[in-house]
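Colleague: Starting off with a structure, shown below.
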Amino acid sequence: MLIVGNWKMNGLIETAQELADGIVAGLGARSGRSLPCEVVLCPPATALLTVHQRLDGSVVKLGGQDLSEHESGAHTGEICGIMLRNVGCRHVIVGHSERRADCGEDDAKVARKMAAAFRDGLQPIVCVGETLNERERGATLEVIGAQLAALVPYVPRELTRRQTLVVAYEPVWAIGTGRNAELEQIREVHGFMRRQLEEAFGADAARMRLLYGGSVKPANAGSIFGLEDVDGGLIGGASLKSAEFLAIIDAVPEKF
Ligand code: PEP
């Protein structure tokens, strides 16, 4: 299981330090060795280095929230994978629906960014998901299928434990809205994604990780994580309070 906290555009240096310290202390008190999941924090870019320093010696890993598809050069305001590695990142979120909506990132661009993350030695966490309009007109699986299909040619054939395909299913209508996808809706999409990946990658698909994201809270985390084909969660709002985030980690079933 993999639990990822996406802090989005929240937190100055001091608050980022406090939040990271609270999570590390909470996990330490629960004994890092028996943690049932890997934990990754994705602070805003300005807090990456300081959070990296706070995570030093803990089991918690660091991730970026986005990266450039380019390696370096004249791309004002962009951050490339090597720069993320340089401040301690092992992971990076790619194609979050807020970037797809705010920055016009389409499936092809998201796929190129994922390829850049693989190239630069990062573990990409690629977000997919349908809008409310797409769900209401019955197009959910078609949309998810197209988003996954765009990724397939860019996934390296030689995957490792540190670099595999991680996909986060995040229905756009459930992000930051407090509105939850029903368990049956999550089960349907995750099962569909696993089958799509099996068709594309055969036996390797079993080692790819499928996260769920969208208003995950301590109260609903256990039932979501207990679903077949759910290998973890991408947590937004609830990752901004250490107690809530820790309670979500506590909800990971022991079997993992
Ligand atoms: C997210 O931003 O990826 C997310 C899932 O947000 P929230 O948990 O707040 O819905």
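Each residue, glycine too, has its Cβ placed from N, Cα and C.
TrEMBL: automatically predicted annotations, no manual curation.
The annotation substrate binding site is assigned in TrEMBL to ASN6, TRP7, LYS8, GLY176, SER215, GLY236, GLY237. Residues annotated as active site, electrophile in TrEMBL: HIS96. Here TrEMBL flags GLU170 as active site, proton acceptor.
Please go over these features one by one and say how buried each is and what sits next to it.
Modeller: For GLY176 (substrate binding site), the Cβ neighbour count at a 10 Å cut-off comes to 13, with all displayed protein chains included. GLY176 (substrate binding site) falls within neither a helix nor a strand when secondary structure is assigned with DSSP, and so counts as coil.
For HIS96 (active site, electrophile), applying a Cβ distance below 8 Å and a minimum sequence separation of six or more within one chain yields ASN6, GLN65, ASP66, CYS127, GLU170. HIS96 (active site, electrophile) falls within neither a helix nor a strand when secondary structure is assigned with DSSP, and so counts as coil.
When Cβ atoms from all protein chains are considered, those within 10 Å of GLU170 (active site, proton acceptor) total 27, not counting its own.
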Colleague: Near ligand 1, meaning Cβ under 6 Å from any of its atoms: which of the binding-site residues ASN6, TRP7, SER215 fit that description?
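Modeller: Only ASN6, SER215 meet the Cβ criterion.
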Colleague: Report the same-chain neighbours of GLY237 (substrate binding site): residues 6+ apart in sequence with Cβ closer than 8 Å to its Cβ, ordered by sequence.
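Modeller: Sequence-distant Cβ neighbours: GLY176, SER215.
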